[in-house]
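**Student:** The following block contains the structure, expressed as structure tokens.
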Amino acid sequence: MTDLDTFITGLPKAELHLHIEGSLEPELMFELAGRNGVEIPFASVEEVRAAYAFSNLQDFLDIYYAGANVLRTRQDFHDLAAAYFARAAADGVVHAEIMFDPQTHTDRGIAFAEVIEGLLSAMAEAEAKHGMTSKLILSFLRHLPEEAAFEVLAMAEPWLDRIEAVGLDSSEVGHPPVKFAQVFEAARAKGLKLTAHAGEEGPPEYVYQALDVLHVDRIDHGNRALEAPVLVDRLAEMGMTLTVCPLSNLKLCVVDDLANHPIDRMLALGLKATVNSDDPAYFGGYIGDNFKAVAKARGLDREEIVQLARNSFTGSFLPPDAIATHLEKIETYVAAHA
Ligand code: ADE
Ligand code: ZN
């Protein structure tokens with residue numbers, strides 16, 4: 001570990017873009033398959049890892065949805081999230097806003113209650129065990145119709161006080177934000193915050209739609225906004241947070257090489273970029289690995305790294321007083337490591 005790596009690990013940070021189903025490590029996949037009597041098309045953990053070579057988002061999604069098939073019970077969802085929180089805590093994460101894809105499970109006959117109660121119990125445990133706070137983001141699968149998103153929003157009704165936001169994920173191209181205009185409007189009317197994947201593979205137009213049609217509070221990814229200078233200026237001016245995921249971008253071929261990753265260009269353009277892991281079990285690393293890999297590949301300096309950590313709190317859905325406390329802790333940490 002370099003000095004910079006050690007600095008990164010201890011730096012207090014929030015993770016804002018994490019799909020809990022994407023934190024399913026092959027070892028746990030095998031354990032849950034055994035526990036639940038589910039067949040998986042792999043003979044070993046090594047075989048699973050070897051299958052994780054993707055040439056685009058859809059390649060990945062096919063294997064990600066197949067992997068989620070081992071998740072059956074409340075205990076499974078608890079164990080999945082508990083493993084993520086332990087890993088994130090070791091990387092200096094003190095607050096996590098985690099996405100879950102209820103439709104991936106309810107469409108297989110798993111009750112919404114099993115999914116969310118397992119996640120909520122792990123969240124309470126993470127607070128007690130690691131002092132880590134967390135929030136839930138219910139993500140709609142955009143390859144499915146908007147009516148299906150309305151159905152999952154209705155299922156979530158008894159838990160709305162424990163859900164912070166809705167999100168929009170899955171196959172981007174061909175499923176523009178405008179397809180979900182009404183359900184996002186309904187979610188907003190219920191007091192939920194809004195976020196959407198936009199500009200990962202989709203064009204800048206999808207980022208415009210996320211802003212102008214969905215009225216999102218945050219953009220997940222946003223890489224392709226860089227193709228439109230007017231859009232970049234607007235995102236910078238409004239202080240819109242982008243939840244950027246360097247190792248995901250590399251594995252899904254959004255960038256050809258981490259050496260060409262735009263994270264520092266985003267900061268230089270005044271964009272409120274953050275660093276996140278997306279689907280760490282599939283993309284080769286958790287948030288600390290993402291920070292370290294992109295810092296090395298792009299030669300980021302401490303100030304850039306600290307700015308990314310600050311952005312993770314100012315871009316979070318935490319209340320202003322909690323954000324201020326976290327920002328103070330960053331400054332204390334930086335002063336102690338000068
Ligand atoms: N679901 C899980 N990870 C995703 C990603 N990177 N993009 C879209 N949908 C996803
Ligand atoms: Zn994502």
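Using the three backbone atoms N, Cα and C, a Cβ is placed for every residue, glycine included.
Remember, predicted model here, so these are calculated numbers, not experimental data.
Checked TrEMBL, it gives:
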type: ACT_SITE; residues: Glu200; note: active site, proton donor
type: BINDING; residues: Asp279; note: substrate binding site
type: DOMAIN; residues: 12-332; note: domain 'Adenosine deaminase'
type: SITE; residues: His221; note: site 'Important for catalytic activity'
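Help me picture these features in the structure, burial and contacts included.
**Tutor:** Secondary structure at Glu200 (active site, proton donor), as computed by DSSP, is coil. Other Cβ atoms within 10 Å of the Cβ of Glu200 (active site, proton donor) number 24 in total over all chains.
DSSP assigns Asp279 (substrate binding site) to coil in the three-state reduction, placing it in neither a helix nor a strand. Contacts of Asp279 (substrate binding site) defined by a Cβ separation under 8 A and a same-chain sequence distance of 6+ are given as His19, Glu21, Gly22, Ser23, Phe60, Tyr64, Ser248, in order along the sequence.
Regional average pLDDT for the domain 'Adenosine deaminase' (12-332) in the model is 98.
Neighbour list (His221 (site 'Important for catalytic activity'), Cβ cut-off 8 Å, at least 6 residues apart, same chain): His17, His197, Ala198, Gly199, Glu200, Leu242, Thr243, Val244, Cys245, Asn249, Val254.
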